[in-house]
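Novice: Straight from TrEMBL, here's the annotation block:
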- A:Ala115, A:His120, A:Gly221: substrate binding site (BINDING)
- A:Gly116, A:Asp242, A:Gly296, A:Lys300: ATP binding site (BINDING)
- A:105-317: domain 'Aspartate/glutamate/uridylate kinase' (DOMAIN)
Protein chains: 2
Amino acid sequence: MGDARKKPNPASSSSGETLIEGRRPLRCIVKLGGAAITRKNELESINEESLGSVCAQLREAMASSSIGSASPPPRGISMDWSRRSGDRILPVSVDDFGEHSAVDFDNNFVIVHGAGSFGHFQASTSGVHKGGLHLPLVKAGFVATRISVTSLNLEIVRALAREGIPSVGMSPFACGWSTQKRNVASADAAQIIHSLSAGFVPVLHGDAVLDHLQGCTILSGDVIIRHLAQLLMPKYVVFLTDVLGVYDRPPSDPNAILLREIVVDEDGSWSVLKPTLEQLKKEVEITVAAHDTTGGMETKISEAAVIARLGIDVYITKAGTEHSLIALKGQVDNDTEDWLGTVIRSSKHAPLSA
Amino acid sequence: MGDARKKPNPASSSSGETLIEGRRPLRCIVKLGGAAITRKNELESINEESLGSVCAQLREAMASSSIGSASPPPRGISMDWSRRSGDRILPVSVDDFGEHSAVDFDNNFVIVHGAGSFGHFQASTSGVHKGGLHLPLVKAGFVATRISVTSLNLEIVRALAREGIPSVGMSPFACGWSTQKRNVASADAAQIIHSLSAGFVPVLHGDAVLDHLQGCTILSGDVIIRHLAQLLMPKYVVFLTDVLGVYDRPPSDPNAILLREIVVDEDGSWSVLKPTLEQLKKEVEITVAAHDTTGGMETKISEAAVIARLGIDVYITKAGTEHSLIALKGQVDNDTEDWLGTVIRSSKHAPLSA
């Protein structure tokens, strides 16, 4: 602990290079999809049940070593001591926290969440993603969007803390993330690394940010994850969403087929390995949800492909299922048919499939 | 607008030097004291009335040019479009925000708020200020403290936005502020400057931060203000609190006398200029509120003295009064007896008092 802090070696980057030496390797970056944790069609409404189950699974995954334990660990002692947390206003008797009472778990995770029904309305009404901060409507929309997404961030940090996960909110705008024509132009990961070294779990989110060319834009959680994966080289990346993974057509279509494995070539092109083209019997047609201002599945696959090319496995699956727990533990077995989700990996690193 | 962003010249500092060139001069740094905006003895309770009046006065001060206008400007169009803001869920018709509908006001302010009844309980129960992140209680307390103070920050950003002030929350921990034995060790003001250049009002707060020697501590709003004043050289600094200023003894004492003017010598020592020692007829005895973990009036005077030595006038007065409005406008007249509050200024820059 504290190693990275003693050597001030900020992982500052002007667009995606470098990586910090001498720190604990990052285990996992998790995306909590907006669709999984909010009610997408109800303004600023959290899907409490889904969020609660995601947080419980995260805790379980952090407590499981790579060997994996059969029974879930005891629930942690809440780190949310706020009045709104209900009956246990200050749940703390100092005795609750002996020197050794905390399960010593591997919480070397970074969490990034989407906006769902937070922020999207404000951003799309005002056109924040198109820039133009000199326009009063855009400036107001920028402020309104940040209020909305940071209030979601606070609730997610609280939900994680209630599970005993030492979560710390880190808002990308405030941390100095900025873009140039919607590509990440600067992102200071030093504080993320310091937080990890101190044993905390940074929680970032899609945000309204300053853009060097157009004034401002929306930086999506998916782009943040791609950038952090390049900087921090986690062992694996998990996208939790409201469907089982990537389908060949809109998942609402009864004939939609789950794409189980996608491989990415060194040139960045990708193809579906499972099911085989014969099984699919047709061209793959990827869904793009029209209401999603930051791009739907196609964006997700492109972003995931960039990550996979680095040799990092990407798992996309449904939040709050047995499959998401396996993904969060990093225990997806390529040869089993039981795990339902989409694996995206590099063709170079992928085991040869028959 | 945007000048500072085009020349990447971050006001990064390892302990209080430098300053950015070529940017609009900062007009004012305002401290919203925890005692002024929260109910100090009621856990996590905002003093809505006081906060509302502070925000309205801030808007009025921003709208007044240095000449000063007699009638308050029309209330701005709310920039808080969140569900909790009540009846006007999306108050925006695009027509509300014409190109020129916004009053062109000088909002080149930075706002820093204290914690009041947010954070203090969590911090003092767990001893976050004393450090020791390896202890589960301290780590949990760190998380709980940040949840509490960031939830207050969100509410203050919302209250400002409802007045039409384009406020953006910037949490010091997330922005990478850290300390060494409770003194500021690193503070990246670059994003604060970028935000100001883009026309936003950064809103910071006292926070739990990492400390290079003891693991963690509490960084108070007063220390943040001192540091920012050194970096950004505002024209004046205003501390809004729940009493009229600095008294010679606890303000609850009926014999307490308001210290109207304090001058700071070049060596940092300070003395009371008004009232005169004869008027006071006794030694000055400064209040330190016992429940205030980050120091009371004595800390405030020391921090203010450091600012005043730079030639920056510091005004301490009661939030939500005619006196606070005058202070926020920077129109405190040294020669009038009408203004009630404490002025702290450099002896070098102070006008000669009779």
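All positions are counted from 1 along the displayed chain.
Placed from the backbone N, Cα and C atoms, the Cβ positions cover glycine too.
These numbers come from a predicted model, not from an experiment.
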Novice: On a simple 10 Å Cβ count over all chains shown, which one of the binding-site residues A:His120, A:Lys300 is most densely packed?
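Specialist: Ranked by Cβ atoms within 10 Å, first place goes to A:Lys300.
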Novice: To the nearest Å, how far is the Cα of A:Gly221 (substrate binding site) from the Cα of A:Gly116 (ATP binding site)?
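Specialist: Distance (Cα to Cα, whole Å): 11 Å.
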Novice: Counting every protein chain present, what is the number of Cβ atoms, excluding its own, within 10 Å of the Cβ of A:Asp242 (ATP binding site)?
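Specialist: A count of 18.
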Novice: Within its own chain, what residues at least 6 apart in sequence put their Cβ under 8 Å from the Cβ of A:Gly116 (ATP binding site), listed in sequence order?
Specialist: A:Gly33, A:Gly34, A:Ala35, A:Ala36, A:Ile37, A:Thr38, A:Arg39, A:Lys40, A:Leu152
Novice: Which of the three DSSP-derived classes (helix, strand, coil) applies to A:Asp242 (ATP binding site)?
Specialist: coil
Novice: Between the binding-site residues A:Ala115, A:Gly221, whose Cβ has more other Cβ atoms within 10 Å than any of the rest?
Specialist: A:Ala115
Novice: How many whole Å apart are the CA atoms of A:Lys300 (ATP binding site) and A:His120 (substrate binding site)?
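Specialist: Checking the Cα atoms of A:Lys300 (ATP binding site) and A:His120 (substrate binding site) gives a distance of 17 Å.
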Novice: In which DSSP state, out of helix, strand and coil, do we find A:Lys300 (ATP binding site)?
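Specialist: A:Lys300 (ATP binding site) sits in a helix per DSSP.
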Novice: Measuring Cα to Cα, how far is A:Ala115 (substrate binding site) from A:Asp242 (ATP binding site) in Å?
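Specialist: On Cα coordinates alone, these residues lie 14 Å apart.
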